[in-house]
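Below is one structure, written out as structure tokens; the observations come after it.
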Amino acid sequence: KCYGFDMDYTLAVYKSPEYESLGFELLRDRLVSIGYPHELLGYTYDPTFPTRGLVYDTRYGNLLKIDSNGNILVCTHGFEYLRGGQVDEYYPNKFIQRDDTDRFYVLNTLFNLSETYLYACLVDYFTRSTRYKNCQKGFKHGDLFMSHRSMFQDVRDAMDHLHGTGTLKERTLKNLDKYVIKDPRLPVLLSRIKEFAKVFLATNSDFNYTEAIMKYLLDFPSGSKKPWRSYFDLVVVDTRKPLFFAGGTVLRQVDTDTGKLRIGTYTGELQHGTVYSGGSSDIVCDLLDVRGKDVLYVGDHIFGDILKSKKRQGWKTFLVVPELVKELQVWADKASECMFEELKHLDIFLSSLKGPELLLRCGSTKTLFASQLLRYADIYSTCCLNLLNYPFSYLFRAPLVLLPHEAAVESQTKEQITELPEHMLKTTSIKV
């Protein structure tokens, strides 16, 4: 009955690696401006290294890929992949306490990609520099000690500065063609949904940025000339997710002529064409007169969009995972097709797929990100535009996954049937 959309990395798909490169350069330059070595300017963004879902260990400066239980699957120190005994020096049990959030920071968003790469660059630089002594918890230069924790905090502060001052948004708006994908299918999707359901936009971005981005995305010379806000029944900016899915903030109206907020809390009925700021998911449901189970919310943030909306509101969820394009190419590689078929049960072969570039698997093991995706996302796909491939009355159902004991019974049943005499096999059918 109701479709909700995030904007950044959902309706507004940023070009990769151009957008991540911009974010990395701004972060790197910010660190240099506050006193970090100018040699860091020699690093440029490499899209083949970072993937989201990695965990940064603020004690040792390592990037970790883990499974849902905290078992370490891949460990890098800078750009060096640690093996066997090297990993044991840091983690004797090859395991971390996931709930130790003071030490371990999960880099779950697409915005984190540039940040992830910068952590590796910092460790790589200080490890290689002859001016600094490499210590397990940081680097020493004379009487000065630079801990991995302090560098982590500096990068986090730089990231907050980037978003707080609007530097990244300003650079993006100056060259939209370079950084934002403009797809003519987007207005088609929104128009079709609006024919039979309610549609809302809920974004953490401010009004001015949202206005510029959505105008760019929905304005086509050959299309209908209508205001971008007419594609939605409700538009909410400055939502501050995940707080939006809990207590939320004060709901205020936005003056669309000036971009400023109007004084006071808005308590009236829904006004079409009006843009609101703040609020909460409960307020959205009240304004649109829908219940939690009536809402399908589409977003890219496993925590801010998907997990919180699912656990606190019971909304149906659609996770946007653009990395699937690359992962599907790995599994569909025709050159490896026969080999996968013959060796699909051998971890020795599947371990060759290990690497930071895969988001959902490390060998035969599902990553933490994959486990969260399967638990909290009702649907996931490379982009929301794939909804156009289905009628909007389509019922999505996950395929049945047998539990281990059920699979064992099925396997035994097949073996028993294949042992039957040939004349009996001709009249026996196996249901799978």
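Heads up, the Cβ atoms here are built off N, Cα and C, so glycines get one too.
What TrEMBL says about a protein is an automatic prediction, not a curated fact.
Per TrEMBL, the feature active site, nucleophile maps to D6. Look at TrEMBL and you will find D8 tagged as active site, proton donor. According to TrEMBL, the Mg(2+) binding site annotation covers D6, D300. Annotation source TrEMBL lists GMP binding site at D8.
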With H, G and I counted as helix, E and B as strand and the rest as coil, say where DSSP puts the residue listed as 'active site, proton donor'. strand
Here the 10 Å Cβ neighbour count for D6 (active site, nucleophile) comes out at 25
Whole-number Å distance between the CA of the residue listed as 'active site, nucleophile' and the CA of D300 (Mg(2+) binding site)? 8
Cα separation, D300 (Mg(2+) binding site) to the residue listed as 'active site, proton donor' (Å, whole number): 8
Just name the winner among D8, D300 (the recorded positions) by count of other CB atoms within 10 A of its CB. D300
On the three-state reduction of DSSP, what should I expect for D300 (Mg(2+) binding site)? coil
